[in-house]
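Trainee: Before anything else, here's the structure in question.
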Amino acid sequence: MEGGAYGAGKAGGAFDPHTLVRQPHTILRVVSWVFSIVVFGSIVNEGYLNSNSGGEKFCIYNRNPSACSYGVAVGVLAFLTCLLYLALDAYFPQISSVKDRKKAVLSDIGVSAFWAFLWFVGFCFLANQWQVSKPKDNPMNEGTDAARAAITFSFFSIFTWSLTAALAVRRFKDLTFQEEYSTLFPTSAQP
């Protein structure tokens, strides 16, 4: 392990995309990003159907516009959050202050846990609304695969965001250890 606080030995160094791509939290973030695209893309593309009586559209999930709106909103916001934290992951090795690193990791823990909760709520809401949907509303089964895909990838997103939070907790423990080690042994070499 290089000197410095959890990667701070590389602070100020050149950006290394190969190292960034191989990190587990970056891989999980990219997977979460793709899942969010699938969820909001499925709902936007095939989540609304035309009614038989007129030209008005209704949500495929039990004609509940809140279900479609929630799925799209959570998907788009998760997409943007993934991009933000991917940028933070790329910038993280440049941060030399342990306190700033701790703030970044603590925000990662909180945000990831919050998104895991939002995806859990989204999965339960979409699955419930799909279960109580009436077959007469969609006699030709249009968009059913997209609706199921949104539900499935909402479920998968619970685990990707939870694992991201768990990895952030592990990263926080490593930072805390490095900070305590530096305090206890200020003149000795870092491990």
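In case you wondered, yes, glycine gets a Cβ from its N, Cα and C as well.
From TrEMBL, for reference:
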DOMAIN    20-173  domain 'MARVEL'
TRANSMEM  30-49  transmembrane segment
TRANSMEM  69-88  transmembrane segment
TRANSMEM  109-130  transmembrane segment
TRANSMEM  150-169  transmembrane segment
Trainee: Please give the sequence-distant neighbours of the transmembrane segment (30-49): residues at least 6 beyond its ends with Cβ less than 8 Å from one of its Cβ atoms.
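Mentor: Here the qualifying positions are 57-61, 68, 71-72, 74-76, 78-79, 82-83, 86, 115, 122, 137-138, 142-143, 145-147, 149-150, 153-154, 156-157, 160-161, 164.
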Trainee: So what's near the transmembrane segment (150-169) in sequence-distant terms, Cβ-Cβ under 8 Å and 6+ beyond its ends?
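Mentor: Same-chain residues near the transmembrane segment (150-169) but 6 or more away: 24-25, 28-29, 31-32, 35-36, 38-39, 42-43, 47, 71, 74, 78, 105, 108-109, 112-113, 115-116, 119-120, 122-123, 126-127, 130.
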